[in-house]
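For reference, TrEMBL has these:
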type     : residues                                                   : note
ACT_SITE : 296                                                        : active site, proton acceptor
ACT_SITE : 383                                                        : active site, proton donor
BINDING  : 134, 135, 136, 266, 267, 268, 269, 270, 271, 563, 564, 565 : peptide binding site
BINDING  : 295, 299, 318                                              : Zn(2+) binding site
DOMAIN   : 463-607                                                    : domain 'Peptidase M1 leukotriene A4 hydrolase/aminopeptidase C-terminal'
């Protein structure tokens, strides 16, 4: 067992653990704050227990009680990204095994990093304001004083007061609603989450929301402008859930709803229990199997049910989730499809390693996160290096069915708890006790604690990729005089996934001559594609080739939606085009207020914008 500390949290979980949170939120759209109370049910793990520390960030704490009695509290020194420890002294001593209810009355800051407040103009409906949260990795402390570490799992209950024309939803089961007894213009929504979960999965959304049923245990939620399109797009949800249950065991969370957020949501999806968040960039209208939803569904087992104990072990969440997501793709499509997606993932990993630098310790599968801002450490490394390790082990242990047996067994054993890499590895050796000789030959140090690409490159089946590779080579080798040899027939038989792969391969090459990208637009009409994955790669390709017409389109895509996967590289690409260097900065500064705080902060660093001067 590793010691009970987390470099990303002030709260030591060796002395006490949170078992339940009772949350009361009054959502104030005028002042952009939550006026709140949280009662933490805490189990004591040591004798002579008199004090505890909670994580907070920019919270205004007005009162603390312990079992109803006033408790002394002080806020420690503010850390640049970890926030401020809240030190609470109890008015009594407790012994190991006892419980205490600590209640904190507080208010969030308008700038809370977990919360984004949208004006009516920033929504699809343009009439009502909107609020959404994003707590992963360590932003929950800016919304709730808590032990903000994934080592801690607890249930929660919540009551949320909102203006009555709005609807609140949370990462929990809906438990009724009633008029707010203190204010007839407001309504209180109630929620309960009976399955213990880490606090980074607490999520709240308030807006002019509607929902549609898309399956026996699923609804889709969004503003009414998107809701029917979203219901169509995510109609395969129940099939995916059943497929995942067949692979990983029963789905324990009861409800599986999907909420399509406004465009500024910074991620593709977020696996909040009972309420997956999804970016509107998924609403492409081509209904290709959404790997984002397959990924978020998979998190119901790997991440939400079995959780990394600290963020250094993030690959346990993401590597297993990518593995399970691709197994769902294998069941619903084919093994060749899984191999094809894995090849694309290897390229994403290569791009992350190139961006960070091959010697950067943040490219370790298990990085040291002492004094590291997790928002800046985020990349495809835990996802794709993690998947590569699991795929490599699958090949060594006897194939997908055999290895999926281990993954399912690992999920069953560690359900409802948090694990470290050491515990995972120990169980791997226990489960495959007849193959320990083979496992001992794996270079664990190179996989886990060495930066750069993995020590083994898997040989994936390239059947689905061959057409993409061949077309990419043709474009790279063709001289200007031979551009007439290309026609729309080249891409007619390619699936959406293959077209994305073709463009990804071109992005790894030297920039194409301008004449080539112009011809590509002529024959393939790529500007007309609405699929965000295609559009994003195509615009990057054009800007790399210095096609000036593409610059306004690239900046438009970078600002119309805020998914960091698209926004950051598009801004960087324009910034690196010398002639438009200043234009990239100007557009960023003009749009920065509408961006999610995490996105705005990281784009500012990418573009070397001084955060203090430009606000």
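Note: Cβ is positioned from N, Cα and C throughout, glycine not excepted.
Since we're looking at a predicted model, the values are computed, not measured.
Annotated features, which come from TrEMBL, shown on the structure.
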residue : record                       : CB count, 10 Å
134     : peptide binding site         : 24
136     : peptide binding site         : 25
267     : peptide binding site         : 22
269     : peptide binding site         : 24
271     : peptide binding site         : 23
295     : Zn(2+) binding site          : 23
296     : active site, proton acceptor : 26
299     : Zn(2+) binding site          : 25
318     : Zn(2+) binding site          : 23
383     : active site, proton donor    : 23
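Same-chain residues that are not part of 295, 299, 318 yet have a Cβ within 8 Å of the Cβ center of the Zn(2+) site turn out to be 271, 296, 298, 302, 303, 317, 321, 322, 324, 325, 383. Summarised as a single figure, the pLDDT of the domain 'Peptidase M1 leukotriene A4 hydrolase/aminopeptidase C-terminal' (463-607) averages 95. Using a 10 angstroms CA-CA radius around residue 299 (Zn(2+) binding site), the recorded positions that qualify from 134, 136, 269, 271, 383 are 271.
For the residue listed as 'active site, proton acceptor', the nearest of the binding-site residues by C-alpha distance turns out to be 269; the candidates were 136, 267, 269, 318, 564. Listed in sequence order, 266, 267, 598, 599, 602 are the same-chain residues six or more apart from residue 564 (peptide binding site) with CB atoms under 8 A from its CB.
Counting in whole angstrom, the residue listed as 'active site, proton donor' lies 15 from residue 136 (peptide binding site) by their C-alpha atoms. For the domain 'Peptidase M1 leukotriene A4 hydrolase/aminopeptidase C-terminal' (463-607), DSSP puts the residue distribution at 116 helix, 0 strand, 29 coil.
Largest CA to CA distance in the peptide binding set (134, 135, 136, 266, 267, 268, 269, 270, 271, 563, 564, 565): 18 Å, whole number.
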